[in-house]
Amino acid sequence: MIAFEGPVLVTGTDTGVGKTVATAALAAHLMRQGRSVEVLKIAQTGDDDDAAEVTRLSGAPARALAAYPDPLAPFTAARRSGLPLLKLADVAETVLAAVSEVVLLEGAGGLLVQLGEGGWTARDLAAELGCPAVVVTRAGLGTLNHTALTLEALSRRGVDAAVVLGAWPYRPGLAEFENLKDLPGPRLGWIPDGAAALAPEAFRLASAEWFDLDGGIADPA
């Protein structure tokens, strides 16, 4: 299982898979274990404020390193807005300057979305930092292929990874239950669908039930 020491990338198989809620849940769980945690959203696009949502749910300090107005991939949104592109070396320097025991790096979209100057990606950042990754994935049809592709892309750059199910449905069907058996990669945890609707204190308490950071298989009951 991956180690939560220093920077840890939180990426996803796609956009909308639950990275922000998973990041908040991980932060809450680690803080309940007595760890100091901060969250860096690599790039925010559109009207959402993922960093604020992470702080609301978990209580962890969080901020975005760049924000662009259009709800597009960061590289594209930066080009359209005329705002500066993030540089990989600058982002890595910012991450390494953090003083918290764990720094969760929330990506934007999927793993290979272009984030900044030269088209660098979240995978490039993880490889540059030598840090592991958490892959947030869906529970339903299509997830086996998307998860396998994401894990393979990380492995090709020597990035260790574990998987979190991003939104386990209240009434799972056949596909969801069968995917639990076949989903590739070490299983770090699962987040119930609708978790973000919990009151912050309830969210933080419940986070302890959603993860096994010590190497066991964390599955929905």
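Including glycine, each Cβ sits where the backbone N, Cα and C put it.
Caution: TrEMBL annotation is automatic and unverified by curators.
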Gly16, Val17, Gly18, Lys19, Thr20, Val21, Glu106, Gly107, Ala108, Gly109 bind ATP per TrEMBL; candidate in Asp50, Asp70, Asp160, Asp182 listed for that same site: Asp50
Other CB atoms, at most 10 A from the CB of Thr20 (ATP binding site): 26
Largest inter-residue Cα distance among Gly16, Val17, Gly18, Lys19, Thr20, Val21, Asp50, Glu106, Gly107, Ala108, Gly109 [record-listed ATP binders, Å]: 14
Least surrounded among the binding-site residues, given as Asp50, Glu106, when other CB atoms within 10 Å are counted: Asp50
Between Thr45 (substrate binding site) and Gly107 (ATP binding site), the C-alpha gap once rounded to whole angstrom: 11
Sorted by sequence, non-Thr20, Asp50, Glu106 residues with Cβ within 8 Å of centre, Mg(2+): Val10, Lys19, Thr23, Ala24, Val39, Lys41, Ala51, Glu53, Val54, Ala62
Beyond the site residues Gly16, Val17, Gly18, Lys19, Thr20, Val21, Asp50, Glu106, Gly107, Ala108, Gly109: chain residues whose C-beta lies within 8 Å of the centroid, for ATP: Val10, Gly12, Thr15, Ala22, Thr23, Val136
